[in-house]
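Below is one structure, written out as structure tokens, with a few remarks after it.
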Amino acid sequence: MLPFCRNPLRAVKEFRVLASVPSRGKASLTPEQMEMIRSGPSLSEFIQTAPLTPDHLKRKKGERLRLPPWLKTDIPVGREFHRLRRDLRGLGLTTVCEEAKCPNIGECWGGGEGRPATATIMVMGDQCTRGCRFCSVKTARSPPPLDPAEPVNTGMAVAKWGVDYIVITSVDRDDVEDMGADHFARTVEEIKKRNPVVLVEGLTPDFQGRKDCIARVARSGLEVYAHNIETVRELHWLVRDPRAGYRQSLEVLEHAKQVNPDLVTKSSIMLGCGETDEQVLQTLNDLRKSGVDCVTLGQYMQPTKQHLKVKEYVPPEKFKFWEDVGERLGFAYTASGPLVRSSYKAGEFYIKNIVEKRSGRRETSHHSNLSST
Amino acid sequence: MAKKLLLPLVRGSWGVARGPVDGLALSRTIAGTEFACRSCSTATIPSLTSTLYPSRHAVLQGTRHLSTTAARRASDNDGRVTVWFTDRDGDVQTVRAKLGDNLLEVAREYDIDLEGACDGTLSCSTCHLVVHPEWFPKISDPITEEEEDMLDLAYGLTDTSRLGCQVVVTEDLDGLKLTIPMATLDAREA
């Protein structure tokens, strides 16, 4: 400890002299030394990022997997992002992007490169009556009643954003008489009323398999009817709420197509919950047999500590493999990648497909494959 | 943050010690059997030395062992009691659960694979636990109708099922044995 003195800085200097530490008043390196430092190795050459081995991607007991580099995303910033958020809050709207903690939020809400900012609005509130182990949307036994102004407000927001493709989704409302089917359908109708040209994709709940509810939404005017099967049959007990079901979800997709054959149907699978390749292949086959046209595959990411731990981080090459499998099975479109989500770039894929079909180019072998299955 | 001692998991044995390391876990893993003090009938003896020499333990515990009806508290050392979780892989994890925490919070503290999607608001069944029949009656928190409604939905429901978020750890639950249920493919065909 330094003795008490009136000039502490001087005391430090004196201490340094005593301790043979060079005073920092001026540089104490020779020009040669400084040159050697400047031209020599930098810090980054000493830090080696170890290559990811399978050990780092599959969870072992008691371990917590670290996020692999391909899943790291930027923090959302920017004017577009904030403008969108203001619009949503101003109209009292919720998005699944926020509620389910989607990693792509910055990218979609930020827009850019000729791509308008977009969000997937979640209607019927932000509280779901089901508790699935993969989903961070709030769960409540009896959520607040449906907001009757929501369909109109959603229509207004979508019209204001000037997007040409929008995805609407919702929570499960097992407490409402028709599970919210009419509310959902009216939202689609309100959007179409204000902009007949916008393409609407509805990502619906299972309505407990009720055919009248499914039909109400299927006939509301949307172009794409989406319902996510989420995982393989063998993991349904673990991943989804007990009220959801593998067969039930397939029937939702089948019935929508039956009610309105012009619909494009779509579903999604999460990878990394502990499924095997055979199980995923079986699920893709089942989806194709149920007439599903588009499928997306993405990496499951644990949203909070209360939710299922990630069993495996599937590398991008594996996702590419599943994309090829999807193409070979005859899906009109297969979107597969770690950060791919059901509504991720949904518009671009769909519109690209439509445009190509119209111009006569057969880049996808959708029709020829359909005739052979 | 509780220290975690990583010992190799031996299937069928009493598993890995999580939480404050004490001689209990070490002795169990090394010897593979349960040590009990005959005087105070506690299932756990907190030090390795005392484990090997139960009579010494009695002496160390002093006056408490003079009368077998004298109250002894398993939580005296650290305000915690021992709880056993058998997880979905069949492995047993021993933890020291804090008095007053509910079982979901205990699982979260020790990183046990038990989920709580609705955050303990009795709106889902993800924290469904099967209580060992011997321990089921010792849980003082009664099952409410809401809990029963949620349990009705759960896979692998048994007569001794509870929702983890509704069971609070008390003194009487020292030694509580729980199983995290898992289902097979045919559990529910839907």
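Positions of Cβ are set from backbone N, Cα and C atoms, glycine also.
Taken from TrEMBL, the feature [4Fe-4S] cluster 1 binding site covers A:CYS97, A:CYS102, A:CYS108, A:SER343. Classification of A:CYS108 ([4Fe-4S] cluster 1 binding site) by DSSP places it within a helix. Long-range Cβ proximity for A:CYS108 ([4Fe-4S] cluster 1 binding site), meaning a same-chain Cβ under 8 A and a gap of 6 or more residues, is found for A:CYS97, A:CYS102, A:ALA117, A:THR118, A:ALA119, A:THR120, A:TYR344.
The domain 'Radical SAM core' annotation in TrEMBL covers A:113-332.
If you draw a 10 Å sphere around the CB of A:CYS135 ([4Fe-4S] cluster 2 binding site), it holds 24 other CB atoms from the protein chains shown. Classification of A:CYS135 ([4Fe-4S] cluster 2 binding site) by DSSP places it in coil, neither helical nor stranded. Annotated [4Fe-4S] cluster 2 binding site per TrEMBL: A:CYS128, A:CYS132, A:CYS135, in sequence order.
DSSP classifies A:SER343 ([4Fe-4S] cluster 1 binding site) as coil under the three-state reduction. Around the Cβ of A:CYS102 ([4Fe-4S] cluster 1 binding site), 25 further Cβ atoms fall within 10 Å across all displayed protein chains. Across the structure, A:SER343 ([4Fe-4S] cluster 1 binding site) and A:CYS132 ([4Fe-4S] cluster 2 binding site) are spaced 19 Å apart at their Cα atoms.
Under 8 angstroms separates the C-beta of A:CYS132 from a C-beta of chain B, among the binding-site residues A:CYS97, A:CYS102, A:CYS108, A:CYS128, A:CYS132.
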